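Below is one structure, written out as C-alpha coordinates; comments come after it.
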Amino acid sequence: MSVARQEISGNVLTPQGFIRGKLTVVDGRVSGIEGQPISEGQARVSGEPLILPGFIDLHVHGGGGFDTMEGGNAVAEIARVHARHGTTSMLATTMTAPMADISRAMAALADAVRTHRRGGAHVMGVHLEGPYINPGALGAQPDFARPASVAEVKALHELAPIRLITMAPELPGNLDLIAPLRAAGFHVQIGHTAGTYEDGVAALQRGATGFTHLFNAMSKFHHREPGIAGAALAHAEFAEIIPDLLHVHPGAIRAALRAIPCLYCVTDSTAAAGMPDGDYNLGSHRVTKCLGGVRLADGTLAGSTLTMDQALRNLVGMGLSLDDASRRVATNAADFLGLADRGRLFVGGRADIVVLDAALHLTQVIVEGDPIDLTDV
Ligand SMILES: [Zn+2]
(Lines of atoms letter the chains of each structure in order from A and count residues from 1; the text may use other names and numbers.)
(Lines give C-alpha, C1' and ligand atoms only; values in the text may rest on other atoms or scores of the structure.)
Protein backbone atom coordinates (compact mmCIF):
# COMPACT_ATOMS: atom_id res chain seq x y z
CA MET A 1 0.00 0.00 0.00
CA SER A 2 2.80 2.40 0.85
CA VAL A 3 4.87 4.24 -1.73
CA ALA A 4 7.82 1.90 -2.38
CA ARG A 5 10.65 4.38 -1.83
CA GLN A 6 10.63 7.94 -0.52
CA GLU A 7 13.27 10.44 0.40
CA ILE A 8 12.65 13.40 2.71
CA SER A 9 15.28 16.13 3.04
CA GLY A 10 15.57 18.30 6.12
CA ASN A 11 16.54 18.12 9.75
CA VAL A 12 15.79 14.67 11.14
CA LEU A 13 15.21 14.29 14.88
CA THR A 14 16.83 11.02 15.96
CA PRO A 15 17.37 9.63 19.48
CA GLN A 16 20.89 11.10 19.21
CA GLY A 17 19.69 14.56 18.23
CA PHE A 18 19.13 16.37 14.93
CA ILE A 19 20.78 15.22 11.68
CA ARG A 20 20.79 17.66 8.76
CA GLY A 21 20.41 15.56 5.64
CA LYS A 22 17.79 13.11 4.51
CA LEU A 23 15.67 10.23 5.64
CA THR A 24 14.73 7.43 3.27
CA VAL A 25 11.77 5.09 3.52
CA VAL A 26 11.43 1.72 1.83
CA ASP A 27 8.35 -0.48 2.18
CA GLY A 28 6.99 1.25 5.25
CA ARG A 29 10.27 1.25 7.18
CA VAL A 30 12.98 3.84 7.67
CA SER A 31 15.81 2.54 5.51
CA GLY A 32 18.38 5.29 6.03
CA ILE A 33 19.17 8.50 7.89
CA GLU A 34 22.15 10.35 6.45
CA GLY A 35 23.73 13.71 7.13
CA GLN A 36 25.57 15.80 9.68
CA PRO A 37 24.68 16.32 13.32
CA ILE A 38 23.45 19.83 14.12
CA SER A 39 22.09 21.48 17.23
CA GLU A 40 18.38 21.96 17.78
CA GLY A 41 18.92 25.71 17.60
CA GLN A 42 20.51 25.39 14.16
CA ALA A 43 17.74 23.07 13.02
CA ARG A 44 15.04 25.48 14.18
CA VAL A 45 16.51 28.58 12.49
CA SER A 46 17.51 26.83 9.25
CA GLY A 47 14.01 27.13 7.81
CA GLU A 48 14.40 23.59 6.48
CA PRO A 49 11.74 20.94 7.15
CA LEU A 50 11.78 19.40 10.63
CA ILE A 51 11.35 15.63 10.43
CA LEU A 52 10.05 14.05 13.63
CA PRO A 53 8.56 10.73 14.72
CA GLY A 54 4.80 10.51 14.17
CA PHE A 55 2.66 11.29 17.20
CA ILE A 56 1.22 8.55 19.41
CA ASP A 57 -2.04 9.26 21.25
CA LEU A 58 -3.19 6.66 23.77
CA HIS A 59 -6.45 8.42 24.66
CA VAL A 60 -8.77 9.21 21.73
CA HIS A 61 -12.57 9.26 22.05
CA GLY A 62 -13.39 10.94 18.80
CA GLY A 63 -12.83 13.49 16.10
CA GLY A 64 -14.38 14.89 12.95
CA GLY A 65 -17.89 14.52 14.40
CA PHE A 66 -17.44 10.80 15.18
CA ASP A 67 -17.39 9.14 18.61
CA THR A 68 -15.82 5.76 19.43
CA MET A 69 -19.01 4.64 21.19
CA GLU A 70 -21.26 5.11 18.18
CA GLY A 71 -19.94 1.97 16.47
CA GLY A 72 -20.13 1.45 12.73
CA ASN A 73 -17.32 3.07 10.82
CA ALA A 74 -16.62 5.71 13.47
CA VAL A 75 -13.14 4.62 14.56
CA ALA A 76 -11.80 4.45 11.01
CA GLU A 77 -13.07 8.00 10.46
CA ILE A 78 -11.54 9.17 13.77
CA ALA A 79 -8.21 7.64 12.74
CA ARG A 80 -8.35 9.61 9.47
CA VAL A 81 -9.05 12.91 11.24
CA HIS A 82 -6.22 12.49 13.73
CA ALA A 83 -3.75 11.36 11.06
CA ARG A 84 -4.27 14.75 9.41
CA HIS A 85 -3.01 16.23 12.69
CA GLY A 86 0.09 14.04 12.80
CA THR A 87 -1.12 11.10 14.90
CA THR A 88 0.29 7.94 13.38
CA SER A 89 -0.69 5.47 16.14
CA MET A 90 -3.60 5.68 18.57
CA LEU A 91 -5.76 3.76 21.00
CA ALA A 92 -9.51 3.99 20.45
CA THR A 93 -10.86 4.89 23.87
CA THR A 94 -14.23 3.71 25.14
CA MET A 95 -16.42 5.52 27.65
CA THR A 96 -18.09 4.21 30.77
CA ALA A 97 -21.44 2.84 29.62
CA PRO A 98 -23.76 -0.14 30.09
CA MET A 99 -21.80 -3.29 29.21
CA ALA A 100 -23.98 -3.93 26.15
CA ASP A 101 -22.99 -0.51 24.73
CA ILE A 102 -19.28 -1.08 25.38
CA SER A 103 -19.49 -4.52 23.77
CA ARG A 104 -21.29 -3.12 20.74
CA ALA A 105 -18.71 -0.34 20.31
CA MET A 106 -15.81 -2.77 20.65
CA ALA A 107 -17.26 -5.24 18.18
CA ALA A 108 -17.67 -2.39 15.70
CA LEU A 109 -14.13 -1.08 16.06
CA ALA A 110 -12.43 -4.50 15.91
CA ASP A 111 -12.23 -4.29 12.15
CA ALA A 112 -10.37 -0.97 12.27
CA VAL A 113 -7.85 -2.51 14.70
CA ARG A 114 -7.29 -5.73 12.77
CA THR A 115 -7.11 -4.19 9.31
CA HIS A 116 -5.21 -0.94 8.99
CA ARG A 117 -7.09 1.46 6.73
CA ARG A 118 -5.05 3.53 4.36
CA GLY A 119 -5.24 7.24 5.09
CA GLY A 120 -5.59 6.91 8.86
CA ALA A 121 -3.57 6.49 12.01
CA HIS A 122 -2.75 2.94 13.01
CA VAL A 123 -5.40 1.91 15.57
CA MET A 124 -3.34 -0.27 17.89
CA GLY A 125 -6.22 -1.36 20.09
CA VAL A 126 -8.50 -0.14 22.82
CA HIS A 127 -8.05 1.98 25.91
CA LEU A 128 -10.88 0.91 28.19
CA GLU A 129 -11.60 4.05 30.21
CA GLY A 130 -13.99 2.62 32.69
CA PRO A 131 -16.46 1.27 33.57
CA TYR A 132 -14.19 0.23 36.47
CA ILE A 133 -13.97 3.74 37.89
CA ASN A 134 -15.21 5.57 40.97
CA PRO A 135 -18.77 6.91 40.57
CA GLY A 136 -17.58 9.84 42.68
CA ALA A 137 -14.88 10.78 40.14
CA LEU A 138 -16.69 10.42 36.86
CA GLY A 139 -15.45 13.65 35.30
CA ALA A 140 -17.50 13.55 32.10
CA GLN A 141 -17.98 9.78 32.16
CA PRO A 142 -21.66 8.73 32.27
CA ASP A 143 -22.70 7.10 35.55
CA PHE A 144 -22.35 3.42 34.69
CA ALA A 145 -19.33 2.71 36.87
CA ARG A 146 -19.00 -0.85 38.19
CA PRO A 147 -16.42 -3.14 39.82
CA ALA A 148 -14.07 -4.98 37.47
CA SER A 149 -13.62 -8.67 36.84
CA VAL A 150 -10.85 -10.37 34.90
CA ALA A 151 -13.39 -12.57 33.12
CA GLU A 152 -15.30 -9.52 31.90
CA VAL A 153 -12.12 -7.83 30.63
CA LYS A 154 -11.09 -10.99 28.82
CA ALA A 155 -14.54 -11.28 27.22
CA LEU A 156 -14.25 -7.69 25.95
CA HIS A 157 -10.71 -8.39 24.77
CA GLU A 158 -12.12 -11.17 22.60
CA LEU A 159 -14.16 -8.55 20.77
CA ALA A 160 -11.25 -6.15 20.16
CA PRO A 161 -7.73 -6.13 21.60
CA ILE A 162 -7.49 -4.10 24.80
CA ARG A 163 -4.08 -2.55 25.46
CA LEU A 164 -4.83 -0.31 28.39
CA ILE A 165 -7.39 -0.18 31.21
CA THR A 166 -8.14 2.84 33.39
CA MET A 167 -9.41 1.86 36.81
CA ALA A 168 -9.95 3.29 40.28
CA PRO A 169 -7.90 1.24 42.75
CA GLU A 170 -10.07 2.08 45.76
CA LEU A 171 -13.17 0.29 44.46
CA PRO A 172 -13.78 -3.02 46.26
CA GLY A 173 -11.79 -5.79 44.59
CA ASN A 174 -10.06 -3.62 41.99
CA LEU A 175 -6.67 -3.55 43.70
CA ASP A 176 -6.49 -7.34 43.70
CA LEU A 177 -7.26 -7.45 39.99
CA ILE A 178 -4.28 -5.37 38.91
CA ALA A 179 -1.71 -8.17 39.13
CA PRO A 180 -3.82 -10.73 37.22
CA LEU A 181 -4.71 -8.14 34.57
CA ARG A 182 -1.03 -7.25 34.21
CA ALA A 183 -0.14 -10.94 33.99
CA ALA A 184 -2.73 -11.31 31.23
CA GLY A 185 -0.90 -8.62 29.23
CA PHE A 186 -3.01 -5.54 29.95
CA HIS A 187 -1.50 -2.22 31.03
CA VAL A 188 -3.34 -0.71 33.98
CA GLN A 189 -3.65 3.01 34.62
CA ILE A 190 -4.94 4.68 37.75
CA GLY A 191 -7.68 7.15 36.93
CA HIS A 192 -11.18 8.49 37.56
CA THR A 193 -10.39 7.90 41.20
CA ALA A 194 -11.17 9.39 44.60
CA GLY A 195 -8.57 7.13 46.23
CA THR A 196 -5.96 8.13 48.77
CA TYR A 197 -2.23 8.49 48.25
CA GLU A 198 -1.91 5.05 49.83
CA ASP A 199 -4.37 3.57 47.30
CA GLY A 200 -2.23 4.98 44.49
CA VAL A 201 0.99 3.58 45.94
CA ALA A 202 -0.64 0.19 46.51
CA ALA A 203 -1.85 0.13 42.89
CA LEU A 204 1.65 0.87 41.60
CA GLN A 205 3.03 -1.91 43.80
CA ARG A 206 0.49 -4.35 42.31
CA GLY A 207 1.55 -3.49 38.78
CA ALA A 208 -0.31 -0.38 37.63
CA THR A 209 2.14 1.63 35.54
CA GLY A 210 0.48 4.91 34.68
CA PHE A 211 -2.06 7.58 35.53
CA THR A 212 -4.96 8.69 33.36
CA HIS A 213 -5.06 12.41 32.49
CA LEU A 214 -2.99 13.45 35.50
CA PHE A 215 -4.77 15.91 37.82
CA ASN A 216 -8.15 15.54 36.06
CA ALA A 217 -10.80 13.32 37.68
CA MET A 218 -8.52 12.24 40.53
CA SER A 219 -8.09 13.14 44.20
CA LYS A 220 -6.09 16.34 44.46
CA PHE A 221 -2.67 16.97 45.97
CA HIS A 222 -2.71 18.45 49.44
CA HIS A 223 0.44 18.53 51.52
CA ARG A 224 -1.18 16.64 54.40
CA GLU A 225 -3.30 14.43 52.15
CA PRO A 226 -1.41 13.98 48.90
CA GLY A 227 -4.15 12.02 47.12
CA ILE A 228 -3.73 10.14 43.87
CA ALA A 229 -2.14 13.20 42.27
CA GLY A 230 0.47 13.12 45.04
CA ALA A 231 1.11 9.40 44.48
CA ALA A 232 1.73 10.17 40.81
CA LEU A 233 4.09 13.07 41.52
CA ALA A 234 6.00 11.06 44.12
CA HIS A 235 6.28 7.71 42.33
CA ALA A 236 5.12 7.61 38.71
CA GLU A 237 7.49 6.83 35.87
CA PHE A 238 4.73 7.38 33.29
CA ALA A 239 1.52 9.44 33.25
CA GLU A 240 -0.82 10.97 30.70
CA ILE A 241 -1.44 14.69 30.66
CA ILE A 242 -3.82 16.78 28.52
CA PRO A 243 -1.82 19.84 27.38
CA ASP A 244 -4.66 21.87 25.88
CA LEU A 245 -3.93 24.50 28.57
CA LEU A 246 -7.57 24.25 29.71
CA HIS A 247 -7.52 20.93 31.55
CA VAL A 248 -4.28 21.65 33.42
CA HIS A 249 -2.63 24.97 34.24
CA PRO A 250 0.81 25.31 32.63
CA GLY A 251 2.30 25.61 36.13
CA ALA A 252 0.88 22.21 37.05
CA ILE A 253 2.22 20.77 33.78
CA ARG A 254 5.65 22.14 34.72
CA ALA A 255 5.44 20.54 38.18
CA ALA A 256 4.52 17.23 36.55
CA LEU A 257 7.37 17.54 34.04
CA ARG A 258 9.84 17.88 36.91
CA ALA A 259 8.34 14.99 38.87
CA ILE A 260 7.42 12.34 36.28
CA PRO A 261 10.28 11.36 33.97
CA CYS A 262 8.17 9.94 31.14
CA LEU A 263 5.12 12.20 31.30
CA TYR A 264 3.42 12.02 27.91
CA CYS A 265 0.63 13.84 26.14
CA VAL A 266 -2.79 12.57 25.19
CA THR A 267 -5.61 14.51 23.59
CA ASP A 268 -8.63 12.88 25.30
CA SER A 269 -10.23 14.27 22.17
CA THR A 270 -13.94 14.10 21.48
CA ALA A 271 -16.04 14.10 18.32
CA ALA A 272 -15.70 17.89 18.40
CA ALA A 273 -11.95 17.73 17.63
CA GLY A 274 -11.33 19.05 14.15
CA MET A 275 -14.88 20.44 13.97
CA PRO A 276 -16.52 23.87 14.31
CA ASP A 277 -18.23 25.06 17.51
CA GLY A 278 -21.54 23.29 18.20
CA ASP A 279 -23.13 20.31 19.95
CA TYR A 280 -21.65 16.80 19.77
CA ASN A 281 -22.04 13.34 21.33
CA LEU A 282 -19.56 12.04 23.90
CA GLY A 283 -20.67 8.50 24.69
CA SER A 284 -24.24 9.02 25.91
CA HIS A 285 -23.61 12.67 26.85
CA ARG A 286 -24.44 15.69 24.75
CA VAL A 287 -21.53 18.16 24.88
CA THR A 288 -20.95 21.67 23.56
CA LYS A 289 -17.79 22.94 21.89
CA CYS A 290 -17.05 26.64 22.29
CA LEU A 291 -14.13 28.85 23.28
CA GLY A 292 -11.70 26.01 22.56
CA GLY A 293 -13.26 23.66 25.12
CA VAL A 294 -15.87 20.90 25.26
CA ARG A 295 -18.20 20.93 28.23
CA LEU A 296 -21.27 19.30 29.71
CA ALA A 297 -24.26 21.59 30.30
CA ASP A 298 -23.06 22.19 33.91
CA GLY A 299 -19.67 23.41 32.67
CA THR A 300 -17.65 20.24 33.47
CA LEU A 301 -14.83 19.80 30.96
CA ALA A 302 -15.78 16.83 28.81
CA GLY A 303 -12.74 15.74 26.89
CA SER A 304 -10.95 18.10 24.58
CA THR A 305 -10.71 19.38 21.05
CA LEU A 306 -6.96 19.01 21.20
CA THR A 307 -4.95 17.45 18.41
CA MET A 308 -1.40 16.20 18.82
CA ASP A 309 0.16 18.83 16.52
CA GLN A 310 -1.32 21.51 18.77
CA ALA A 311 -0.09 19.59 21.83
CA LEU A 312 3.45 19.78 20.44
CA ARG A 313 3.11 23.52 19.76
CA ASN A 314 1.70 24.10 23.25
CA LEU A 315 4.66 22.33 24.89
CA VAL A 316 7.20 24.23 22.79
CA GLY A 317 5.26 27.41 23.56
CA MET A 318 5.75 26.64 27.26
CA GLY A 319 9.49 26.55 26.68
CA LEU A 320 10.25 22.86 26.15
CA SER A 321 12.86 21.99 23.55
CA LEU A 322 11.50 20.38 20.42
CA ASP A 323 13.44 17.24 21.31
CA ASP A 324 11.80 17.05 24.75
CA ALA A 325 8.35 17.90 23.37
CA SER A 326 8.70 15.23 20.69
CA ARG A 327 9.42 12.58 23.31
CA ARG A 328 6.24 13.61 25.10
CA VAL A 329 4.04 13.31 22.02
CA ALA A 330 5.65 10.16 20.62
CA THR A 331 8.51 8.31 22.31
CA ASN A 332 7.26 8.04 25.88
CA ALA A 333 3.86 6.67 24.89
CA ALA A 334 5.57 4.00 22.77
CA ASP A 335 7.83 3.12 25.68
CA PHE A 336 4.85 2.98 28.03
CA LEU A 337 3.25 0.29 25.88
CA GLY A 338 6.60 -1.42 25.25
CA LEU A 339 6.55 -0.70 21.51
CA ALA A 340 10.11 -0.68 20.19
CA ASP A 341 9.20 -0.20 16.53
CA ARG A 342 7.78 3.34 16.74
CA GLY A 343 7.95 6.64 18.59
CA ARG A 344 11.49 7.43 17.39
CA LEU A 345 13.18 7.65 14.01
CA PHE A 346 15.83 4.97 13.44
CA VAL A 347 16.83 2.67 10.62
CA GLY A 348 14.55 -0.35 10.66
CA GLY A 349 11.75 1.38 12.59
CA ARG A 350 8.25 2.00 11.28
CA ALA A 351 8.13 4.92 8.87
CA ASP A 352 5.67 6.87 11.03
CA ILE A 353 6.79 10.42 10.36
CA VAL A 354 5.67 14.02 10.66
CA VAL A 355 7.29 16.87 8.78
CA LEU A 356 6.87 20.37 10.20
CA ASP A 357 7.70 23.87 9.03
CA ALA A 358 9.55 26.41 11.15
CA ALA A 359 6.28 27.42 12.87
CA LEU A 360 5.69 23.74 13.74
CA HIS A 361 2.78 23.33 11.37
CA LEU A 362 2.47 20.02 9.57
CA THR A 363 3.53 19.81 5.95
CA GLN A 364 3.61 16.01 5.64
CA VAL A 365 2.37 13.02 7.64
CA ILE A 366 3.41 9.48 6.81
CA VAL A 367 1.90 6.36 8.39
CA GLU A 368 3.99 3.23 7.83
CA GLY A 369 5.29 4.74 4.60
CA ASP A 370 1.83 5.82 3.49
CA PRO A 371 1.52 9.59 2.89
CA ILE A 372 -1.60 11.15 4.40
CA ASP A 373 -3.53 13.69 2.33
CA LEU A 374 -3.53 16.74 4.58
CA THR A 375 -6.04 18.58 2.39
CA ASP A 376 -8.61 15.77 2.59
CA VAL A 377 -11.53 16.97 4.74
ZN1 LIG B 1 -11.15 10.02 28.24
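The backbone N, Cα and C atoms fix where each Cβ goes, and this holds for glycine too.
The feature domain 'Amidohydrolase-related' is assigned by TrEMBL to 51-361.
If you look up TrEMBL, you'll see Glu129, His192, His213 marked as Zn(2+) binding site. Within its own chain, His192 (Zn(2+) binding site) has Thr96, Glu129, Gly130, Ile133, Asn134, Ala137, Leu138, Gly139, Gln141, Ala145, Thr166, Ala168, Thr212, Ala217, Met218 as residues 6 or more apart in sequence whose C-beta sits under 8 angstroms from its own.
Per TrEMBL, substrate binding site is recorded for Ala140, Asn216, Ala217, Arg224, His247, Leu301, Ala302, Gly303. Non-local neighbourhood of His247 (substrate binding site): His213, Phe215, Asn216, Asp268, Leu301, Ser304, each in the same chain, at least six residues away, with C-beta under 8 Å from its C-beta.
Per TrEMBL, active site, proton donor/acceptor is recorded for Asp268.
Taking a C-beta cut-off of under 8 Å and a sequence gap of six or more, Ala140 (substrate binding site) has these contacts in its own chain: Leu282, His285, Val287, Leu296, Thr300, Leu301, Ala302, Gly303. Other C-beta atoms found within 10 angstroms of the C-beta of Glu129 (Zn(2+) binding site) number 29, with every protein chain shown included. Highlighted here are the recorded positions (Ala140, His192, Asp268) whose C-beta falls below 6 Å from ligand 1: Asp268, in sequence order. Sparsest Cβ environment among the binding-site residues Ala217, Leu301, Ala302 (other Cβ atoms counted within 10 Å): Leu301.
Secondary structure at Gly303 (substrate binding site), as computed by DSSP, is coil.
Per-residue pLDDT, averaged over the domain 'Amidohydrolase-related' (51-361), rounds to 95.
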